[in-house]
Each structure stands twice: as structure tokens, then as C-alpha cells.
Amino acid sequence: MKRSMYAGRVREEHIGTTITLKGWVSRRRDLGGLIFIDLRDREGVMQLVINPEEVSSDVMATAERLRSEYVIEVEGFVEARQQANDKLATGMVELKVSALTILNTAKTTPFEIKDDVEVSDDTRLRYRYLDLRRPEMLENFKLRAKVTHSIRNYLDDLEFIDVETPMLTKSTPEGARDYLVPSRVSQGHFYALPQSPQITKQLLMNAGFDRYYQIVKCFRDEDLRGDRQPEFTQVDLETSFLSEQEIQDIVEGMIAKVMKETKEIDVTLPFPRMSYDVAMNSYGSDKPDTRFEMLLQDLTVTVKGNDFKVFSEAPAVKAIVVKGNADRYSRKDIDKLTEFAKQFGAKGLAWVKVTDGQLAGPVAKFLTAIETELSSQLKLAENDLVLFVADTLEVANNTLGALRNRIAKDLDMIDQSQFNFLWVVDWPMFEWSEEEGRYMSAHHPFTLPTPESAHELEGDLAKVRAIAYDIVLNGYELGGGSLRINQKEMQERMFKALGFTADEANDQFGFLLEAMDYGFPPHGGLAIGLDRFVMLLAGKDNIREVIAFPKNNKASDPMTQAPSLVSENQLEELSLQIESHD
């Protein structure tokens, strides 16, 4: 029989009609001789009623065999329910079954197919096809489909060209580790799976495509966390002849369209802009969450000359004030915050509380001489908690930024209904890597430096600024972009500043440098993390919830057991040999 409609779409207007439905048995109940079935499909749940006085003995026998997750086909008459169920979209109607066929049986599932099920993440991933049956998960992927549909329509209307770029590319330095693919034909040589289509999309601008986009898979072999996966999807854009502001205008319009069409939210344009330095100094993060206050306060000048040497001799002293919540934090709680702070390089955490109008706590006695000035600068009031970090400016900012976010979550200070978009601009071109012992690109080595700072490529790299911009949403980096280098001489200077010899630069990026000899236009673009964007729109805290078949925190798939061993024959074909490190 042909399915008439989705079970979850049956409504009052269908009363009096005979329809055919197909789906899964969500639940079976026997009540007073009647059998009630909750039939589930991707659109929802519909109640079926099987009355032994109105169906054949064969139908009744089939109904008695039904168990959860059996796949069935039913035909019946739509009636009004005697008792409506306002928890279901189909709650005003039910289907009086006249015919029933079992299309497939099912074993007892390892967990219930319902929202809010308590089961380990690895079990969910091991049986991902069952996990995806849960209504909550289905809704996540309907949302994702709406987002990509909206993005494609918007960019198509602006005459962007959707171009696929290679999945087998050249391994290049900078950035995260590559996933490598050995070549059978060119033995000893390897492809890399792309971390982004960065260079190829720039070459498309050189080809005259003018406006490119792609919703593309990317790969990075890096440590995982809640908002990262080894393979992920990004909305990739590149344009020719546009300014930084023009590119941002396009992106803002795209996001506004997505928010309107998927969440029915009108976002205010243009988005606020904040410099990198302000973000770090006031929020302790280059991706600040602006849904709450608790800004970092610089006390370095205030405490200079103080008898408390931990403060007076530190390069920087900064603090955050937890307003009106000191009584929520016992000494044990603050000890936990101190251990948390040490993860970010802080040696410790000093603190005081405002109690009966006075500063109280382990360091209060050292602050007596500046108590009035301190209270005025921090605008202290009764029951405030002040947390201090005395260290380098970088450690103080990073530590207090992390504490700020943690405390806001602990105290439920964040309005989860808000979507605060923000541009972070005026980035440093380079960041110092302790691990590498050198400066590395803050974004990538193709970013255009500002005209005012480009001369420092041969001088103090810490002073070079980039024409780069990140878009931030609720404390997450949603995407990043920049204007790109299009002059060969500037690109060679950039490679040299990063420590490449001329031969190394030519070996790794010779094809790009050669392309710059053939009229490379000014260009720039941006990439947005699609998984992260959908995660935030869905109100989730892990991108696994919006990726159909994700990896776990060990970058493995419990369902398929990937990555897996391969045969000796396969290794021999590739001239590979695995060394044991036991």
C-alpha cells in the first residue's frame, strides 16, 4: 500500500478519511481489550487503536505480536480522540486500524528511543542509527537542513558560484596536523585531506570567478573537545575586489536571513565591532560572550607600591567582581576555582569578599591602605566577591576570562534566549608559540597585513597587525576571515617572517607564488563553522548533536570501529610498514 502521509502530520481536517501510515512502534499498550499503538515516523507520533470487535482475527494476532521498534504498515479510519492529548501535535485524532502488516521486527534496543534518555555517549554512538530516531535528534537535522538551504539561497541570489575543491591536496606547514593519505601510484608520497580550501579558493579568485562559495568538509588532526571534530563542515566564501566592510556586510545579511528563517529572530544590523585588544583586556577572550557583564578590571596601577609584593611586583594585576554572590562561595568552592585557574597558568587566586561594608578574606589585610580606592574603582557593594590574578598580562587575561565564563554558567547568569553576534577585528598577525619557539600565523600565512604595520615584517613581528576579522556568537568563534595577500613580493616577505627559506617557500607554496605572477586580484573571504552554528541555534553544547555520524573524543567511531587495522597486502601496495611502539 502507498503511504498517504506522515503519521506526525495527521490533523483534525483528516477526520473521516481512510489513510495508510508506515513507521515504527514507539509504544504498545493493552487496555480493556483494546490495543493502543504509538506509531512514530520522522514527523511525530500518532495513536492507533485496534479494537478486537472491529478487526479480523489475523489483524488482532498481528497486533499482539508487536513490540517496540517493529516497522509496520497500517490502514485505518481517522477519528476524533475521546480524550485529547495536548502534548502531541496529533493529539486531537487517532487512527482506528482496519489492516496491519509487520514490515520488519526488531530486537530489544539498548536504550529507549525517547528524548532525555540516560545513556553513555559511546553507547549512543555505537548505535547511532537508533540514537538518530529520537525526535530531538531528528529536529536537529531538520534545523541543519533549513540552515544550509537558507545559506545556499542567499548566496545564489548574490551570484556566488558553488565550486567543489579537491579532497586530496598537498600537505603544507602551519595550522593543525594534517590527515595524510598515502599514494599507491607515487610511492612514498602522500596527499593531505584539506584543513580548509584556503589556497584553492584564492586560486579561483585568480581565475576570475569573483564570488565563490562551498559548503565543504574539512579535516584537522587535533585534540578534540565539545565544539571540535576531526572532520567538520564549513561555509566557505571568497570574493574579489571587495573591502573588509563589504565582506562583513554580506556575511551579516546571510546570518540575518538564517536567523529569520530558522528561529524567527530579527537580528540587529550591523553587528557590534570590538578590537582584539579590547576583547582580551575586558573579557579575557578573543571570542567574548557579551550576554553578561563581569568585565575584567585592571588594577596594576592601583596596587603599585602596595606592601603586598604578590601584587606590587607582578607585571599585571587584574580582577573580576562577582556581584552580590559572595555568600554562594565557601572557601572550599574558591579552592576549586583556584585549581581551575591554575590550568591557565596562574600561580594562584587571591580573593576578598565585601562583608558588613568591609573587605574580608585572606588578602584583605594587605589592601587596607588602598581599600577606598579599590572599592571605588571596582564599584564594590555588600556581598560582592573579588577574584584577583597577579601574573603576566596574558596569564591574567586568560585565567580571568575562563573564570568569568565558568562563574556565569555556575550562577545561571546567562540569558540562553539571546544570540549576541560580534565582530572581533584588528588582530595581531602573529602569535608566539612556546612549543615551536617562534612566531606563527594567528590565522594563516596568506592574511594581508595592515599598510601601517607591514614594515614590521622585517622588524618586531609582535607589532604587525592583520586585516582579519572573526565573527563571534555567544562566546564561540563562529568563523574567521581576512583580506588576502595578492602581491608576490608581500607573500614572500610573509613566508620569510615565518622562518621559511626561499627554497622552502617555493617547495611548499611555489604554485601559489607562481600564480601571483599572472594578475592576482585583491580578494578576501571568510569561513563559518556550520556544525558550530547549528549547535548554537539548536541550543546544544556539543557539535556531535548536529553531526549525523560523529567521532568520539578519541577520534574514533564506536559503530564502525574506525579507524581500523588494514591487511598486510594493503600496506605492501602502499610500501608502508607499521612499527610497533610497545
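Our numbering is plain: 1 for the first residue shown, then up by one each step along the chain.
Including glycine, each Cβ sits where the backbone N, Cα and C put it.
Of the residues proposed, GLU164, GLU477, GLU579, the one Swiss-Prot records at the same ATP site as ARG220, ASP221, GLU222, GLN229, GLY529, LEU530, ASP531, ARG532 is GLU477. In this structure, GLU222 (ATP binding site) belongs to neither helix nor strand by DSSP; it is coil. The binding-site residues under consideration are ARG220, GLU222, HIS443. Their Cβ neighbour counts within 10 Å are lowest for GLU222. Predicted-model confidence for the region 'Aspartate' (198-201) is 97, expressed as mean pLDDT. Tertiary proximity for the region 'Aspartate' (198-201) is limited to same-chain residues at least six positions away from its ends with a CB under 8 Å from its CB atoms, namely 163, 165-166, 169, 172, 212, 214, 236, 238, 444, 446, 509, 512, 525. With respect to GLU477 (ATP binding site), the closest of these binding-site residues in Cα terms is HIS443, chosen from ARG220, HIS443, ARG484.
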